Amino acid sequence: MEKWYLMTVVVLIGLTVRWTVSLNSYSGAGKPPMFGDYEAQRHWQEITFNLPVKQWYFNSSDNNLQYWGLDYPPPTAYHSLLCAYVAKFINPDWIALHTSRGYESQAHKLFMRTTVLIADLLIYIPAVVLYCCCLKEISTKKKIANALCILLYPGLILIDYGHFQYNSVSLGFALWGVLGISCDCDLLGSLAFCLAINYKQMELYHALPFFCFLLGKCFKKGLKGKGFVLLVKLACIVVASFVLCWLPFFTEREQTLQVLRRLFPVDRGLFEDKVANIWCSFNVFLKIKDILPRHIQLIMSFCFTFLSLLPACIKLILQPSSKGFKFTLVSCALSFFLFSFQVHEKSILLVSLPVCLVLSEIPFMSTWFLLVSTFSMLPLLLKDELLMPSVVTTMAFFIACVTSFSIFEKTSEEELQLKSFSISVRKYLPCFTFLSRIIQYLFLISVITMVLLTLMTVTLGPPQKLPDLFSVLVCFVSCLNFLFFLVYFNIIIVWDSKSGRNQKKIS
């Protein structure tokens, strides 16, 4: 009884922080003609309510795709339509065709913020609570502390409740998928993850680990018996869920193709804006976006992404385990973020979710990563006038992690899950006994650099000849950190010889 009382308090704390952040500015507030993501979400409500389904993804006089045209899968459009019906009931002016463009008011802001909170309450927060309650071999106190830290992760709060998006929906469905598969409810887990992909196509970052883990399970059961039956059932679930989600758009071939063109805009190029991945960082030294033809950029990004995630995926197929599954989710999502085509700065949230899931296992490294992930979005958050909420929520999250997990005491090779790797290295370099000390120093350097760059960005004006200097530095420093984490998580995956035994049921 006490556990549920404390968990309720944790949820209320998470909701309070979310609503407090929502009182601040949002993307594109008072900035015509394009405004920002807030207007994009409102505009999608306008389009889905006033136009027939067949026109949602097509350019027309009533639906200018250059002005925040729909570029997410059908379930996102259905969600917008549902919100539009509620908006119509409250104030029809909010979704009036054409005349509502750029609509802003305190009442409308309250409505929009409430839709995010309701989605969070229905999908993401219950998944977090259940996940933490299902963790094995840790105390009730640690389960509650884990839930608190996950719910206080500033990156997701600042983007959904500050900038304005509905990332908690797709991430929540993905988490339900992780829960289902980790508890051997493979069909329900697969259904939940299909809903995640069909809500936001960026959930493809997590698709390979789901596929490899389930395939490994099928191999383990035997493809001539129970494994084959499971494989057929999984295939039926995937096909059925996609057909149901896309049914209105399967009536005509051109409808399906147009939606796909909107979901995967290859014409936009390798990257947009300032994002903390390899291509944007490397572009500072060599303008690969201008030098290489677009099809070469596409092939290059595919090759780098595929090669970087291959070892983890092979290991997961050969040795399927819940622990390996979660770490492979981190590794694959990070590979996609660093090397894939058309990455946005907010896509780092797709890496942050699985990192949150291993917070209780490697608290020091997880906390560090989640701090860097929030810092990597600094240029976007400053543009949205969210500096103060960013600082306060980041400090609150850091304090929660330090007090809950004593992270500075969890830096030994064993706590960092690097003991097997260190033993292997010491066979050739007996003097290699300082790995944990190196990581502590790297953490210190990383945090100091992030603090200094934040202060410089806020207090100093960039040189006239280099107006994007601080934004580029933020991306470059974040990218270096992410490369280090990619190596680290792959080391854990490859050198983990106990993934199939002595593991926790969920964690």
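Note that Cβ sites are derived from N, Cα and C of the backbone, with glycine treated the same way.
Under the topological domain names given by Swiss-Prot, K143 lies across the membrane from V358. Away from its own ends, the transmembrane segment (438-458) comes close to residues 364-365, 368, 371-372, 375, 378-379, 382, 387, 411, 416, 470-471, 473-474, 477, 481, 484 of its chain (Cβ-Cβ under 8 Å, at least six residues beyond either end). Counting Cβ pairs under 8 Å to the transmembrane segment (388-408), the top-ranked stretch among 173-193, 227-247, 324-344, 362-382, 474-494 is 362-382. Within its own chain, the topological domain 'Lumenal' (345-361) is flanked in space by residues 131, 135, 138, 142, 146, 149-150, 153, 155-156, 159, 163, 165, 167, 171, 174-175, 178, 202-203, 205-206, 273-276, 323, 326-327, 329-330, 333-334, 336-337, 367, 369-370, 373, 376-377, 379-380, 401, 405, 417, 507, which lie at least six positions past its ends and keep a Cβ under 8 Å from the stretch. Residues 37, 41, 76, 79, 115-116, 119-120, 123-127, 156, 159, 196, 199-200, 202-203, 346, 349-350, 353 of the same chain lie 6 or more positions beyond the ends of the topological domain 'Lumenal' (165-172) yet place their CB under 8 Å from a CB of it. Of all Cβ atoms in the protein chains displayed, 12 besides its own lie within 10 Å of the Cβ of N59 (N-linked glycosylation site). When each of the listed stretches 298-318, 324-344, 474-494 is scored by C-beta pairs under 8 angstroms to the transmembrane segment (173-193), 324-344 comes out highest. Among residues of the same chain six or more beyond the transmembrane segment (362-382), those with a C-beta under 8 A of the stretch's C-beta atoms are 149, 153-155, 158-159, 162-163, 273-274, 276, 345-346, 348-349, 351-352, 355-356, 390, 394, 397-398, 401-402, 404-408, 410-411, 415-417, 439, 443, 446-447, 450, 453-454, 457-458, 470-471, 474-475, 478, 481-482, 485, 488, 492.
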